[in-house]
Amino acid sequence: MKLNRIILTSIFSSLLFFGSGASYAQSLSDKLATKETVALYKNLHKLSKRYTLFGHQDDLAYGVNWKYVAGKSDIKDIVNDYPAIYGWDMARIEHDSLKNIDGVPFSNMKKYIQGGYKKGAAITLSWHFDNPLTGGSSWDTTKNSLASILPGGSKHQVYVSWLDKSAKFMGSLKGSKNEAIPILFRPFHELTGNWFWWGKNASSPAELKKAWRFTVDYLRNKKKLHNLIIVYNTNGFANEKEFLERYPGDDVVDVVSFDLYQFENQDKKAFVDTVRYELNILSKIAKQKNKLAAFAETGYEAVPDATWWTETLLPALNGFELSYVLVWRNAGYVPSMKKMHYYAPFKGQVSESDFKKFYQTDRILFEKRLGLKKIYQSH
């Protein structure tokens, strides 16, 4: 009887963690998604009940005072482990550039993505594409820029050619068995902000929705990319109405998320309170729509707070079912900004010891523990 009880307890525990088929009816918006993409999505849903993946932008490419050293990572230098999710950006691929906006060669990026996937980590891609109407950067908020890429718009064909180039890159991301590597694709990110040409001051909600729906439809149905998990991403927001004002529809979104950073003039408690307020709204929306929730970008530039990881970030996340949280890149000293620009600690950085405590937290997953969970396989 004791053995039977142990077996039954084990089975019950597994059901609680992995969920039954009925409990996890979440399905991707792309009904033709690859089996690895479906498995990733379902496993992220299951894992979020107990865990949150920790991510870092450009982690393998460079860090503070180094670039392109095989196997190196500022995160790994501290905890002997890598992030559970790697963030990358495709900006400049629209111009056939060999390097992205941050100088990362696309050939390197492809290898980093393949390497992360092989070890069982997740991958997310954003795209700071240039302004197609003016030729300016993502931050050129000239009016009618977004309208110009819509069908019938003056730059629609230009935009289509950009999508072709991005699709070629994303379609080239293959595993060892030639399977398409699943990508959490985050287009038009921070779309409630006013600093990008697709933002609220340069476009209407209707225009954004049309651009979004065209983009997803083109990549899925014209370019046959069925390895994309689509991430809807806002900046900070005041209420549910504001968060959903530009929401393009459940059939073209799989993850709901937002970006929010702490700034030097902001009180720690105020930041935590704001994050928790917005995560509460996000969580309700995710449950209502049966979507994943994520804190897609966050951080505190140069991490001047020695206990930021365990006394700010952890309390902000506590109690919420989040698939992942990602901090931005470690660029080091940026001459044009005349300051240090990094969001993860490195050897000798003031928050290094606190980050080690953060790493030991059961809820936060890094690559080693995530790899054991085989997120690209059905369970």
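Glycine too: its Cβ is placed from the backbone N, Cα and C atoms.
Per TrEMBL, the features are:
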type	residues	note
SIGNAL	1-25	signal peptide
DOMAIN	35-368	domain 'GH26'
BINDING	His128, Trp195, Tyr261	substrate binding site
ACT_SITE	Glu190	active site, proton donor
ACT_SITE	Glu297	active site, nucleophile
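Structural mapping of features recorded in TrEMBL.
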| residue | record | CB count, 10 Å |
| --- | --- | --- |
| His128 | substrate binding site | 16 |
| Glu190 | active site, proton donor | 22 |
| Trp195 | substrate binding site | 14 |
| Tyr261 | substrate binding site | 16 |
| Glu297 | active site, nucleophile | 25 |
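Counting in whole angstrom, Tyr261 (substrate binding site) lies 8 from the residue listed as 'active site, nucleophile' by their C-alpha atoms. If you take the Cα of His128 (substrate binding site) and the Cα of the residue listed as 'active site, proton donor', they are about 11 angstrom apart, rounded to a whole number. Distance between Cα atoms for Glu297 (active site, nucleophile) and Glu190 (active site, proton donor): 10 Å, as a whole number. Per-residue pLDDT, averaged across the domain 'GH26' (35-368), gives 98. Across His128, Trp195, Tyr261, which the record gives as binding substrate, the greatest C-alpha separation is 18 Å. Under DSSP, Tyr261 (substrate binding site) is assigned to a strand (E or B) in the three-state scheme.
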